[in-house]
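Asks: Copying in the features that TrEMBL gives for the protein in this structure:
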DOMAIN    30-146  domain 'MTTase N-terminal'
BINDING   CYS39, CYS75, CYS109  [4Fe-4S] cluster 1 binding site
DOMAIN    170-404  domain 'Radical SAM core'
BINDING   CYS184, CYS188, CYS191  [4Fe-4S] cluster 2 binding site
DOMAIN    407-472  domain 'TRAM'
Amino acid sequence: MLDLATKTHNEERQGEAYAPFANDVNEYKKRFYIESYGCQMNFSDSEIVASILNNEGFGATRNFEEADLVLLNTCSIREKAEQTVRKRLTEFRKVKEARPGMLVGVLGCMAERLKAKLLEEEKLVDLVVGPDAYRTLPLLIEEAETGQKAVNVLLSREETYADISPIRLDSNGVTAFVSIMRGCNNMCSFCVVPFTRGRERSRDAHSIIAEAEDLFSRGFKEVTLLGQNVDSYYWIDEANDETVTFAKLLEKVALVSPDLRVRFSTSHPKDITEEVLTTMAKYENICKYIHLPVQSGNTRVLQLMNRTYTREWYMAKVDQIRRILPDCGISSDMIAGFCSETEEEHKDTLSIMEHSQYDFSYMFFYSERPGTLAARRYADDIPEDVKKRRLQEIVELQNKLSLDSNQRDIGKTFKVLIEGESKRSETDWKGRNSQNKMIVFPKTEGSDLKKGDYVWVKVTECTQATLLGYTL
Ligand code: SAH
Ligand code: SF4
Ligand code: F3S
């Protein structure tokens, strides 16, 4: 999954405060403040939470010190992600001491993993709400307002929040996330997500298309379809006697308008089908970019990880993508120092990165998560300094591959969707090409280009992270 500004998908990202309706905040009786951590799913869920709270008369604020309700939408993927949230909670303690009426709630994956234990561990927390229980927030808030602690961490087999129109938080007005499924049925041995997010379920395809159409009619030009494993999307349209696979769904969203770009994340290498690749090839507006996490380049380690593919199988998948979509960007996730990984096996990860020529990657060292298969079955036996050194080697190789990839683009011309002004300079625009690379280019005097426009840009220079060019 991708983060628009920093490409830190699934990374414990600095939380952000949002004020989607700052101008009319006085209309609201009460104010909420929300910070999101973790993957795009969580950021997308916060937009559903904002919608539910908005219906209850809550307005958003960017300043937690003036909020009646402070919410942290949390991530459990690595230990560090949880530590970041705990640190943030201690910062809220002081404010709560001064304003005891303020409610503090923990949402998301940490709420689900720790459940009521969180109330014992973090005394200032009033609400603990798991990812499938957001509809009950109004009731839980009422309960907490009477001084009781309120918890709902029930997971559901059906909940997809299909009928809730998310309130776009801190939106650039051009790109938006659309959640298409929830949960995960895979059991990668290192991963906490199946425990925090529950069973996989796909959202009604009609509601997905309607959301994409609505976004486009409001000026949005790009949607990213979100799920932990989008390729296993599966929904039966009984009224029309049609089975909607991910490839079919992609096509339906692409047909909303040729001017609406479609992205998706994340693809599990075992599930991405040839039909998805040929559908991508058929529609110009389906972006030529696949996030295809490998995790390790060694078959024995992949087996321990329960990824269900081998090194050779993954390499063949990359070759197939290159054959069907020669200009496709590919990125990956890697875990360094998984249980019992040898030096040779680590080198297999480096060599599969060379084979795949990733444009960029998200790289982590293994962090044992309580309750997962790996925590129960295997010893976390790679010393921290070795994990960190292996990670460093992976990062250095990726830096080189990213620079090589960007240098290959010098001299090429790309269609870029303008997302806004460059962070560094008001006189430059920034946007991305189909392959998900950020391109920065100067505004031309007298031109009426604006955010949300498509423009052709010729690349003249690059850094490891960005392409630089000029408009044609
Ligand atoms: N559903 C996505 C990934 C979700 S988690 C997929 O299957 O690709 C995002 C990334 O975090 C994973 O791809 C993995 O690289 C990393 N990750 C997950 N659990 C981890 C752990 N216990 N330690 C370190 N990294 C982990
Ligand atoms: Fe975790 Fe694997 Fe599911 Fe991804 S596919 S969320 S890594 S269990
Ligand atoms: Fe984190 Fe939960 Fe996403 S554990 S990565 S927020 S699904």
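Placement of Cβ uses the backbone N, Cα and C atoms for every residue, glycine included.
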Asks: Starting from each candidate's C-beta and looking 10 angstroms out, tell me which of the binding-site residues CYS39, CYS184, CYS188, CYS191 has the most other C-beta atoms.
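Replies: Answer by Cβ density within 10 Å: CYS39.
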Asks: Taking the centroid of the Cβ atoms of CYS184, CYS188, CYS191 ([4Fe-4S] cluster 2 site), which other same-chain residues have Cβ within 8 Å of it?
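Replies: Filtered neighbour residues, in order: ASN186, MET187, PHE190, VAL192, VAL193, PRO194, GLN228.
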Asks: Distance between CYS191 ([4Fe-4S] cluster 2 binding site) and CYS109 ([4Fe-4S] cluster 1 binding site) at the Cα atoms, whole Å?
Replies: 12
Asks: Looking only at the domain 'Radical SAM core' (170-404), what is the mean pLDDT?
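Replies: Within the domain 'Radical SAM core' (170-404), the model's average pLDDT equals 97.
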Asks: If you run the three-state DSSP split on CYS109 ([4Fe-4S] cluster 1 binding site), which class comes out?
Replies: helix
Asks: Across all chains shown, how many C-beta atoms besides its own are within 10 angstroms of the C-beta of CYS75 ([4Fe-4S] cluster 1 binding site)?
Replies: 29
Asks: Compute the C-alpha separation of CYS75 ([4Fe-4S] cluster 1 binding site) from CYS184 ([4Fe-4S] cluster 2 binding site), stating it in Å without decimals.
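Replies: Rounded to the nearest whole number, the Cα-Cα distance is 15 Å.
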Asks: Check the binding-site residues CYS75, CYS109, CYS184, CYS188 for any whose Cβ is under 6 angstroms from an atom of ligand 3, and report them in sequence order.
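Replies: Checking each Cβ against ligand 3, the ones under 6 Å are CYS75, CYS109.
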Asks: Could you list the residues of the same chain, at least six apart in sequence, whose Cβ is under 8 A from the Cβ of CYS109 ([4Fe-4S] cluster 1 binding site)?
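Replies: Looking at Cβ-Cβ distances below 8 Å from CYS109 ([4Fe-4S] cluster 1 binding site), excluding near sequence neighbours, one finds GLY38, ASN42, THR74, CYS75, SER76, ILE77, PRO131, VAL192, VAL193, THR196, ARG197.
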Asks: Between the Cα atoms of CYS184 ([4Fe-4S] cluster 2 binding site) and CYS39 ([4Fe-4S] cluster 1 binding site), find the distance and write it as a whole number of Å.
Replies: 14
Asks: In the domain 'MTTase N-terminal' (30-146), how many residues does DSSP call helix, how many strand, and how many coil?
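Replies: Going by DSSP assignments, the domain 'MTTase N-terminal' (30-146) contains 62 helix, 25 strand, 30 coil.
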Asks: Which binding-site residues from the set CYS39, CYS184, CYS188 have a C-beta atom lying less than 6 Å away from ligand 2?
Replies: CYS184, CYS188
Asks: Whole-number answer please: how many Å between the C-alpha atoms of CYS188 ([4Fe-4S] cluster 2 binding site) and CYS39 ([4Fe-4S] cluster 1 binding site)?
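Replies: Here the two Cα atoms lie 17 Å apart.
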Asks: Let's see if you can do this one: DSSP helix, strand and coil counts over the domain 'TRAM' (407-472), in that order.
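Replies: So the counts come to 2 helix, 33 strand, 31 coil.
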